[in-house]
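Here's the structure we're looking at; comments come further down.
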Amino acid sequence: MENTKDLTEHSSRSKRKRRDSFGMFDGYDSCSEDTSSSSSSEESEEEVAPLPSNLPIIKNNGQVYTYPDGKSGMATCEMCGMVGVRDAFYSKTKRFCSVSCSRSYSSNSKKASILARLQGKPPTKKAKVLQKQPLVAKLAAYAQYQATLQNQAKTKAAVSMEGFSWGNYINSNSFIAAPVTCFKHAPMGTCWGDISENVRVEVPNTDCSLPTKVFWIAGIVKLAGYNALLRYEGFENDSGLDFWCNICSSDIHPVGWCAASGKPLVPPRTIQHKYTNWKAFLVKRLTGAKTLPPDFSQKVSESMQYPFKPCMRVEVVDKRHLCRTRVAVVESVIGGRLRLVYEESEDRTDDFWCHMHSPLIHHIGWSRSIGHRFKRSDITKKQDGHFDTPPHLFAKVKEVDQSGEWFKEGMKLEAIDPLNLSTICVATIRKVLADGFLMIGIDGSEAADGSDWFCYHATSPSIFPVGFCEINMIELTPPRGYTKLPFKWFDYLRETGSIAAPVKLFNKDVPNHGFRVGMKLEAVDLMEPRLICVATVTRIIHRLLRIHFDGWEEEYDQWVDCESPDLYPVGWCQLTGYQLQPPASQSSRESQSGSSKQKKKAKSQQYKGHKKMTTLQLKEELIDGEDYNFLQGASDQESNGSANFYIKQEP
C-alpha cells in the first residue's frame, strides 16, 4: 500500500550507499561491554564481516541505501561523530571530516574511547581532553534540538488523568477500540492507511543507561485508536517491556529515520547480549516488514491545522432556547473543537463547546437567509479584532429539491430529542424553512409559542420515518401524557388527524463506517458538551450508534450518528491536549452517595426544566431578548406520497 514502506524492495543502484541503514554506529554491533579497547583503527574496521552483496535493500524517503562497505555512500567521523558524504571526508580511508579530527584521533587512536562514550564508560584521560570541544558542541546542539521539540509539543502536551490509562484499561479487559479510519473528521482519519499490527517503527530506547537519547526498533503488537502497544525487536514473545504510546507523537518514526538523522540505534540493555551481530538480526527481522510512510509526521502536523481562529464570529444555537441562534465569538480551538463565547457575555463565561463541523454553527447571516429565529445581540457593532467567519469554512449540507414532493407542516415523524439524547420521540414538523431546514417539536412537551422547537436539516440522520423504531426494535418515547399504551402509530395518526412524512424524503445513506458493538472510543457528552468521556458503542442501527458512557447508567446513553464530529478515536484527547473524563467506577459512585449521579441528573433536569417553563415566562424572555423571526418563501405544496410505508396496518 502507498502508506507503508516495503523493506524488501531491490535496486540496482548499489553505489548509493550509506554508513548504516539502521543508524547503528560502526564497531558497536554486538553492544558488548567487553569490547576490546586496545584494537587498532584498522582492526576496528574489520570487526564486522562484510555483508553479502545480495542483501535486501531498504528503501526510505525516495532514496535507496545499502549497508556500508567502507568505500562509498555516507560516512561518520570517528572523532566528532558528524555524518556526511564519504567523498567529502578527509584521508584515504574517509574516516574523518577534517584535518583537525584526523590529527586529534591520531594522537589518541583508540576507537574504544568513542565506544566507551556510547556505552556510558568514562573515556581515557587523554581522550577526554581531546574530545572535550566536539562533545560539548554536540551536547549543546542536542539540548537545543530537544528544547525545540518540547516547544513544538507544548500545544499537544498530554493531559494527565490520575488513575486512568487507556492502555491498562484495554489490556485488563481485552477491549477493542474503534479504528482511526472510523473518524473522518479526526487527525489522520482520511490518511491513516493500513497501519496495523506488526508494522515496525523507531522509538526511544528506555531500557538503556546511556546518557544521551538513543533509539531502537519496535513492532506494533496491538492498536487502539491512536495508541499502539509496542514491543522492542529482540524480545520475541516476552511482553515484559511492552509499552503503550501514541503513534502520532513526535517520538515515533519510520524505520530509516535514525540513519537519515544520524541517531544511534542501540539494543535494549535487557537483551544486549542476546545476539552477537545485531545488524544481521535486524536485516533478518525487517525483511518483508512494513513501516510508517516517511512523511507520516508531516501528515499528522497538517491534519492538525484548523481553519477556525480566535476572534471569528459565528451564529450558533442558543443553548437556553434551541429555537433560535445567537452570535458567538471563537475563544479557543483545541483539536478542531471550538469554545464559543456568546457575544453579549461580559465576563466571557457564557460559552458553548462544539466541533467546527457541527451542524449547530453557521456563518453570520445564515438565520436571515433561511428564515430561522435569531436573537439580536445587544452589541451594535463588532468589537475590535472580531471578524465574521468565511462561509466556506462551515460544514456543507446536502442540496435538496423542495419544489416537488416535500415535508409539510404538521407531518409526523420520529426524532432524537436534543434535550434527552437517549430517547427517540414522536415528533411533528412545525415549520419548513429554506435550504432544506425544518423546525421540529416533540409531541406532548411543546410550548405554545414554539420556543422549544429545534432545527434539523431534511438529510439529518437524527430524524426518521414513522415506524423506524418499531422495525428496528428501539423503544419509541410516546407523547407526554399520552395514556393509550402501548403506543401505536396507526391509532395516533387517526386520533390526531395527521399524516406521516413520506419515507422517501428521509436520508437512507448508510456509509461503511467500520464501527462494531463493543468498540471503545472518546465521545462528547452532548448534554454537557465541554466534557469528553471514555465511551463504548453498545448498539448499531444502520448508521445510528448507541453510545454508552463507561461507569454511568444506561439512562445517560446517547444516540449519535456514525459520522458525528463529537466522536473521537482512543488517544485523541492525549494527542490534542484535551481533558478526558475517565470512567466512573462502581466504588466511587457508591462512596459519593450519588453526588456525581445527582450532578448528571441535575444536568438532565435542567434541560427538561426548559420544557416545563410556562408560556408567560418564555414570552417575557423572548421580549427581553428581542427575538427575531425572518421570513422565507418556501412553498407549501401538498404531499401525495404514501403515509403508511412504515405503519403496521391493523384491522
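Positions of Cβ are set from backbone N, Cα and C atoms, glycine also.
What TrEMBL records for 1-12 is compositional bias 'Basic and acidic residues'.
What TrEMBL lists as compositional bias 'Basic residues' is 597-613.
The domain 'FCS-type' feature in TrEMBL is assigned to 68-103.
Annotated repeat 'MBT' per TrEMBL: 164-268 (among others), in sequence order.
Feature annotation from TrEMBL assigns repeat 'MBT' to 276-372 (among others).
The feature repeat 'MBT' is assigned by TrEMBL to 374-479 (among others). Across the repeat 'MBT' (374-479), the model assigns an average pLDDT of 92.
The feature repeat 'MBT' is assigned by TrEMBL to 487-583 (among others).
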Message = Across the repeat 'MBT' (374-479), what are the DSSP residue counts per state (helix, strand, coil)?
response = 10 helix, 32 strand, 64 coil
Inquiry  = From the DSSP assignment alone, can you count helix, strand and coil residues within the repeat 'MBT' (487-583)?
reply    = 19 helix, 31 strand, 47 coil
